[in-house]
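As structure tokens, the structure follows; a few thoughts come after it.
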Amino acid sequence: MIARGVVKCGLSLFQSGRNRVVVSRRLSNGTTAGEGSSTGSKSIKDANSVKESIKKPESKATSETSTAEPKVQSEFQTRYIPEKGSAWDRFKGGSLSWPALVAFAGVGCVLLGSYSYQKAKKTEEMRRTHTKTVGGKAKVGGDWELVNMKGETRKNSDYHGKFVLIYFGFTFCPDICPDELEKISEALSGLGENAKYIQPLFISIDPERDTEERVREYLSEFHPSFEGLTGTVEQCKAAAKLFRVYFSKDNTVGDDYLVDHSIITYLMDPTGEFLEFYGKAVTASDMCLRLSKLIQNYKTQLEEHNRTINA
């Protein structure tokens with residue numbers, strides 16, 4: 001009995017091991033679950049379930065990989081591909097045409113022109129405001145009497161009928177006066193024939209050294225229409241005071257002193273009234289342009305006046 005049971009148990013273990021080998025071979029050979037004994041069929045089903053469980057994570061991993069790809073692509077586009085809708089992207093892609101680009105440039109030019117116009121207008125307003133006082137007219141200028149380079153007496157009324165440019169300086173000035181007189185000369189040269197409507201005057205603030213001969217020699221280096229005026233110390237001081245010109249001699253002993261003074265060129269109209277002034281910062285071209293406009297307006301008024309008289 002015991003021997004028979006041992007034999008049966010051994011056969012059972014042998015059969016079980018055989019079935020496992022068969023299942024293993026069939027799994028490796030891709031066989032179906034319908035083959036073999038009932039015990040083998042159950043083992044095959046278990047093996048298939050294991051196989052499916054092995055495949056599922058792979059499918060999940062594949063799914064995760066497929067869903068992760070757009071994220072990587074989106075990140076690449078964000079970092080390296082120009083943003084859609086940008087000016088360069090539209091132009092490169094053809095959606096921004098040359099006519100549109102030209103129109104854009106045109107708008108920019110219009111804006112720039114508007115800015116330049118407003119700036120010029122503001123500058124003009126500042127100029128007018130600066131030359132006004134409480135009474136509406138600047139208190140600059142008046143009646144004066146000096147001596148010209150020929151020793152002749154000259155009054156301010158002798159220059160009525162022309163625009164008059166007046167600069168106060170001295171012939172021993174090392175740099176400022178020559179620079180300003182040169183600037184006036186360049187402006188007058190730029191006017192061409194219209195320069196005849198302008199009379200430039202140089203008035204000395206150092207009459208003790210600036211004799212008629214000295215002034216004539218000094219002005220020979222500048223525009224030929226310049227006329228130099230000097231006189232007594234009292235006459236020159238009185239004229240400078242009318243134009244509120246500041247000047248002061250330094251403490252140098254002897255004749256090598258310098259004179260500190262205002263750096264301003266005054267413009268009077270043909271009736272002798274003050275119009276405006278030009279500081280050191282004003283360039284020759286700016287002065288020429290301004291004088292040209294004033295002369296043109298003056299010529300137009302003269303023509304209208306003559307037509308009225310002859311009518």
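Heads up, the Cβ atoms here are built off N, Cα and C, so glycines get one too.
Source: prediction; values computed, not measured.
According to TrEMBL, the protein carries these features:
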- Cys173, Cys177, His261: Cu cation binding site (BINDING)
- 29-42: compositional bias 'Low complexity' (COMPBIAS)
- 43-61: compositional bias 'Basic and acidic residues' (COMPBIAS)
- Cys173-Cys177: disulfide bond (DISULFID)
- 29-76: region 'Disordered' (REGION)
- 96-117: transmembrane segment (TRANSMEM)
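Looking only at the binding-site residues Cys173, Cys177, the densest Cβ neighbourhood within 10 Å occurs at Cys177.
DSSP assigns Cys173 (Cu cation binding site) to coil in the three-state reduction, placing it in neither a helix nor a strand. Excluding the listed site residues Cys173, Cys177, His261, the same chain places Phe168, Gly169, Phe170, Ile176, Glu180, Ile205, Val259, Ile263 with Cβ atoms within 8 Å of the centre of the Cu cation site Cβ atoms. Cβ neighbour count for His261 (Cu cation binding site): 20 (other Cβ atoms within 10 Å of its Cβ, all protein chains included).
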